[in-house]
Amino acid sequence: MGVSAEPRSLSVAGAGLASPVIEKARSALLQSQDVEDTVETLMLHPVIKAFLCGSISGTCSTLLFQPLDLLKTRLQALQPSDLGPRRVGMLAVFLKVVRTESLLGLWKGMSPSIVRCVPGVGIYFGTLYSSKQYFLRGHPPTALESVILGMGSRSVAGVCMSPITVIKTRYESGTYSYESIYAALRSIYCSEGHRGLFRGLTATLLRDAPFSGLYLMFYSQTRTAVLHGTAQLDAALIPLINFSCGIFAGVLASLVTQPADVIKTHMQLSPVKFQWIGQAATLIFKNHGLRGFFHGSVPRALRRTLMAAMAWTVYEEMMARMGLKS
């Protein structure tokens, strides 16, 4: 009896001593499992990663190239009386803005631009990624598939962000003055109804959807040709190749869609005068001739080209670091 009791007491004591160690090990194991579960959960949502990568890339490009968008809007908003006998160029508008509104005036409309571009670019890349995964099943898109994917993804983003696009255009024109984005939304809704928040949406889609479709086609086809044409390529050169392919694709896509951008701007700035696309196109041609459809083409081409090239370069790099194929 005495001998059997002693080991029992030792075993109980040993269990008491071991229990903190076991609890710590169990706690560490649970924490390890929690981390693994968290990582696994994140891996189950690649579309969210694509959205975040797109939003970050959109933020960087918007901050850098906002002045070009403002100059483009000001050039397109010029009336025939403002032009006079001499043609007003981007440099003249730039100097006027700096002289009358200071250097920071070039970033007027930054708030709606950020509100539009950050989620807008995120929605575009998220929709594009999910569409690729669903329809392509991992194989690279053909030229036609790239056009369709780009147009569809941009249309989704364009419809979602249309009210902010209207506000951004009016901010940049210098004609309208709103206290805040909310005040602008309320003012437009009260004076023009819900249609005012989607003013120029058709022209916007006619501009953005073909641009994104053509851009994605030129970008993906050029990038594939360049990367496949080199047997061994330094990894440090890939961002430069992505950026160069983006520049090439942006120039071509910008020139094709420039007339739709001019029509969109006039419809959003003067909704009473330019009520539908055909009327807007007729009045622009009557007042400015064929050249009127290409007002602001230089700053727009620079901005859209550089912005898209940077957005895609940042997006490709971030997706690669997250272990996802863009």
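Here, residue 1 is simply the first one shown, and the rest follow in order.
Cβ atoms here come from the backbone N, Cα and C positions, even for glycine.
The repeat 'Solcar 1' feature in Swiss-Prot is assigned to 45-134. Per Swiss-Prot, the feature transmembrane segment maps to 51-76, 109-135, 147-172, 200-223, 241-267, 296-314; the stated evidence is sequence analysis. What Swiss-Prot lists as repeat 'Solcar 2' is 141-225, and the listing cites sequence analysis. Annotated repeat 'Solcar 3' per Swiss-Prot: 237-321, in sequence order.
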Candidate ranges 109-135, 147-172, 241-267 - greatest C-beta contact count to the transmembrane segment (296-314) (under 8 angstroms): 241-267
Summary of DSSP states over the repeat 'Solcar 3' (237-321), given as helix, strand and coil counts: 75 helix, 0 strand, 10 coil
Mean of the pLDDT scores, which run from 0 to 100, over the repeat 'Solcar 1' (45-134): 86
